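**Student:** My questions will all concern the structure given below.
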Amino acid sequence: MTTILDLDCGQFTLSLSLPSPVSKYGTKWQQAFLQIYCSRAFQFQCKHPHSKAVPVKSPSFTAITIDNNSPNSTVSIDLAELNSLVKEKDVDRIHKLGGVEAVASSLEANLSAGISGDPEDFSRRQRAFGSNTYKKPPAKGLLYFVVEAFKDLAILILLGCAALSLGFGIKENGISDGWYDGGSIFVALFLIIAVSSHSNFTRSRQFEKLSRVGGNIQIEVIRNSRRQQVSIFDIVVGDVVCLKIGDQVPADGLFLNGHSLHVDESSMTGEGDHVEVNQSSNPFLVSGTEVADGHARMIVTSVGMNTMWGEMMSSVNHDEIEQTPLQVRLNKLTSLIGKVGLAVAFLVLVVLLARYFTGTTKDENGNPEFVRGVSTAGDIVNAVVGIVSAAETILVVTLPEGLPLAVTLTLAYCMKRMMSDQAMVRKLSACETMGSATTICTDKTGTLTLNQMKVTKFWVGEDSVTDTGSSSVSKRVLDSIRQGVALNTTGSVFRASSGSEFKFSGSPTEKAILSWAVLELNMDMEEEKKKRTILQVEAFNSQKKRSGVLLRSNADGPIHIHWKGAAEMVLAMCSSYYDASGVLRGLDGEGMEEIENVIQGMAAMSLRCIAFAHKETSQTRLEEDGLTLLGLVGIEDPCRPGVKGAVEACHQAGVTIKMITGDNVFTAKAIATECGILSLGEDESTGAVVEGVEFRNYTPEERLAKVEKIGVMARSSPFDKLLMVQCLKQKGHVVAVTGDGTNDAPALKEADIGLSMGIQGTGVAKESSDIVILDDNFGSVATVLRWGRCVYNNIQKFIQFQLTVNVAALVVNFVAAVSSGDVLLTTAQQLWVNLIMDTLGALALATERPTWELMEKPPVGQTAPLITNIMWRNIAAQAAYQMAVLLTLQFWGESIFNVSYEVNQTLIFNTFVLCQVFNEFNARKLEKKNVFEGIHQNKLFIGIIFITIVVQAVMIFLKGFADTERLTWGQWGACIGIGAVSWPIGFIVRFIPVPETPIFSYLKVLRKKFMSKN
C-alpha cells in the first residue's frame, strides 16, 4: 500500500466515513485508516524516539482514500488537492488518481444513483467539505447611514443654523430660555436624520434579502436514484448534478457523461469563446460559469469558499445602492431650490442690515434702533444677531431636504410591495423606468399561457388516432416512437415502486411528451435505454428548434437516427411517412400538403405541434435528410386566467403588447387572438403578423417602417427579438422585454427594462434582467407597469405638496422681513413645518398604492418635466391662498382677533401648520376632484395626519418649546376653519383647464426669439 501522505511526516490521515446505502467501501476505508495511522505513528516514533510531543493535525486537512479496484492499492488525496483539481485543470493528475470514476467512488457517490441525501449524510458532507455558500463582506450598519446623513449639504447647513441659533438665543435670553430655538432645530434635525438613516438602512437590508432570494437558484441533482430540485446552497461535495442549456454551474466539479457540452467561462476568464467540456481532454466544470449548449452530468468536488467563484464573490460588495434617474433629477431640483433660498436669504440679510444701519428700523417706542455714536457695540451685536437669525430662517424654509427622502421611501415601499405582487426588483431604476414603458415584448409559453402542457392530439400520417387510441397503430411505428421518446430527451421518469405514481422531470414540453408516452403508449424508459447505446446527441436549441440522437442496438443491430422538434422543421427533413397501419408512403406534393394541413389544423386550435422522425443508417453521424415521419402530437397549453384583462389594461394605458414566440405562425395567431393581442382581421396581410426569418431579412429601413405595426412575431430566434428591441428603441419607444432563456440575455440587456421569468428563467436570463417575474405570469408584468407609474405619481404628489409650502413660506417670510424687519415664524416653528413636509409628508404620500386610474393615461416620457402644468396650477392656487391669509394675519391679525402680538404669532404658526395638514389631502390626487377616494385603504396616511395634529396641539400647549402661547377653543376653531378652506379651493381650481404644452417651453421659445433678434 502506498499513499501520497507518506512523503509528509507532519500529517496524519483522517479517513472520511460517510454512510450511504449505495456504497461498498466503508469497511475498506476503516482498514485503510488503521494501516495509515499505525504506519505514520511508527515512522514518527522512529525519527523522533525521544520526543513526547503529540503531532497536531491541521483542522483544514482531510484525506480521502481512493480504491483503484484493488484490495492492495490505495491512493490518498487531501482536501486541498481535491479543491485544486478543478482550479489547476490538471488532466494528468485525474488520470493518476484513477479517473473521474475513482474520485466519485472515493466520495461515496454512485454515478447513476448519486448520494443518499439523508440528513445525516448531508450534514457530514457539509462538516467535512463546507457548505455551498461564500463569505460576504459585513453589511453596513445603521451607524454608517447616520454618518452618511450628516454628509448631506442641507443637513450641514441646518446644523450650522442650529448652532448659531443656540448661541444667539443663549446670548440674548440666557441659557434657561435661550436654548429653545436652537434646541428645537437640533431635535427636528435628529428626527429627520433618524428617519432618513433608518429608511436607507431598511432599503439596504431589502437589497440584501433580494440578493439572497435572487441567488437561491434551484438545481437538479440525482439523490437516491431520483432526480430532484434542490437549492444551490444545499449542493454538497459528491452530488451528481444534471446540467442543461442555460444552467449555472453550481460548484466546481468533474464531467461524468453528457453530449455536446459547451460552457461560457467569460464570468471567470473574461474570454467570450465557449469551452467544450468532455471526459477525455477537459472534464473540468468551474463554479459560476454558464452552460451554453448541450447537457451533461457532473460530480461536485468543491463547494462554497473552496471554489474560485466563492473566493471572488466573497470580495464583492453587493450593498452598493445606485442612484436612480429620478433621484438624480430630484437632487438637481433640490440644489436649484436651495440656491434660490440662499439668494433670497442673502437679499433679506442685505436689506435688513441696510434698514438697520440707515436708521429705518424702529424699536417698540418708534425710535430708530441704530443711532450713529449713540448705539453701543452690544446693541449693534444683538441687532445683527437678530438679522442673521431672520435670514437663517429664510434659508431653513427653502431647503427641501425631504425630496431625496421621499424618493427613498417610495422606492423602498414599492420594492417591498412588488415582492408580494410576484415581482423581484434587481435594479432600482427599473421601478421608475417601467412607468414610462410604451411597448412590452412578451414570450408566449409560461407567460401568456399556464405552461401546464398536455398531449391532446396524436396523428400518424394522415390518420388521427386520438380517439381510437394507440391500439389502432402499427406495433412497428409505436416501437419506433417509444424508442425516440425514451432516448431523445433531457427529461426523466421516476417510479418508487410498481404501485406508485410516475414522476416526470424536465422542461414542460418534455414532461408532457414523457407522460403521454408512458401512460398512453406504455413506454418503459429504463428498458428502452438498456437495449441501446447513444453514439451522438444534438441538443435542442432555439435556432434549429429540434433535437436529434444517433444510437445503436446493444445486440449489434443497425444504427438508428431519431429527430424530434417543431413539426414543420422536422417535416422538411422527411421524404416519407408511416400511416397508422405501418405502411411506408412517400411524401409527394399531395402527401406533404395533407400533413401540412394537419399541422395547421392543430396550430389553429392553439396547440404546439411536435413531430417525430426516424431513419435507419449505416453512417455514424446524425443525418438531417431522407427521414421517415413517425407521428405528430398536439400539446395544449391553456392561456392564463386574467391575461386578456391584463392585455386590455395595457392597451388602455397606451402600452403596445407584442408577442414574440418560437411557435409556428398559426399557433401564434390563435394564442394572440385569444389573449387580445391581435384583433379579428389582423394577420400577415395587414403586417400585424410576421415570421422571424422574414423580419430578419428586411432591410434596416423596412424594419423601422414596419416594426410598430407588428403584433406577433412567430418562429423567432433570440436574435430576432434583439433586432425588434433595437428597432423599437430607434423609434423612440421605451421597451420592456420578457425572457427566460440564455439566448434572451442580449435582448434583456438591450431593453430599457428586462423582465426575466422566475420559474422557467435560466440563471443567465435572471442576471441580465432588471426585474424577475416570480410567477412567470403576464398579469404580474401589468402589475409592475402599474407600480412603475405609481412611483412617479407619488413623487409628483410630494413635490406638489412641498413646493406649495416652500413658495408660501418663502414669499411670506420675505415680505414680512423686508417690510417689518421680522420673519413670520421662528426657526424652531419653521423646522417643525419642514418636518411635517419632509418626513411625515413623505411617509404619507409616498405609500399610496397604485390605482387603476393610473392605467387610464398614456405613458409619461422619461424626459417629461417633473412638475406638470396641472401641478403648477394646484401649487399657485394653494400657495396664493396661504400667502393671503398669513400676510393678513401678520399685519391685521392683532386687531381682527383682538389679541396680543405673541398670541397673534401663535395664530399665524397654527394656521400655517393646519393649512399644510388640509392641503395634504389635496395632494393625494393631482387631477381628480374627489381627493378622499380610497383614503380608508391608506391607514398610514390617516395615522400621520392624526400624529401631526396631536403633536401640533402639544407644541401649542407647551408654550416655551416653540415660542408659542396657548390658544382658546374659539381661536383653534378659527385656525381649523381657515385651513379647511383649502379643500373647496382645491376642488374649484381643478375645473380650470391647463395647456398640455409645459409652461417652461413657452419661456424657451421666447428666449430663442429674443436671442435671434439680438
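Yeah, the Cβs are placed from backbone N, Cα and C, and that goes for glycine too.
Reproduced below are the annotations present in TrEMBL:
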type: DOMAIN; residues: 93-170; note: domain 'Cation-transporting P-type ATPase N-terminal'
type: TRANSMEM; residues: 142-170; note: transmembrane segment
type: TRANSMEM; residues: 182-202; note: transmembrane segment
type: TRANSMEM; residues: 336-357; note: transmembrane segment
type: TRANSMEM; residues: 394-414; note: transmembrane segment
type: TRANSMEM; residues: 940-958; note: transmembrane segment
type: TRANSMEM; residues: 970-992; note: transmembrane segment
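Help me picture where these features are in the structure shown.
**Tutor:** For the domain 'Cation-transporting P-type ATPase N-terminal' (93-170), the model's pLDDT averages out at 82.
Residues 152, 154-155, 157-158, 161, 185, 192, 195-196, 199-200, 202-203, 206, 324, 326-327, 330-331, 333-334, 337-338, 340-342, 344-345, 348, 425, 428, 431-432, 787, 790-791, 794-795, 798-799, 802-803, 806, 809-810, 813-814, 817, 823, 825, 827, 830-831, 834, 837-839, 841-843, 845-847 of the same chain, all 6+ positions outside the transmembrane segment (394-414), place their C-beta atoms under 8 angstroms from a C-beta of that stretch.
Tertiary proximity for the transmembrane segment (970-992) is limited to same-chain residues at least six positions away from its ends with a CB under 8 Å from its CB atoms, namely 873-874, 877-878, 881-882, 885, 897, 899, 903, 907, 910-911, 914-915, 917-919, 921-922, 927-929, 931.
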**Student:** Give residue numbers and ranges for long-range contacts of the transmembrane segment (336-357): same chain, 6 or more residues beyond its ends, CB-CB under 8 A.
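**Tutor:** Long-range Cβ neighbours of the transmembrane segment (336-357): 153-154, 369-370, 383-384, 387-388, 390-392, 394-395, 397-400, 806, 810, 813-814, 817-818, 821.
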**Student:** Which residue counts does DSSP give the domain 'Cation-transporting P-type ATPase N-terminal' (93-170) for helix, strand and coil?
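**Tutor:** Across the domain 'Cation-transporting P-type ATPase N-terminal' (93-170), the residues distribute as 49 helix, 3 strand, 26 coil.
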**Student:** Which sequence positions outside the transmembrane segment (940-958), separated from its termini by at least 6 residues, show Cβ-Cβ distances below 8 Å to it?
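**Tutor:** For the transmembrane segment (940-958), the far contacts come to 832, 836, 840, 843-845, 847-848, 906, 910, 913-914, 917, 920, 924, 964-967.
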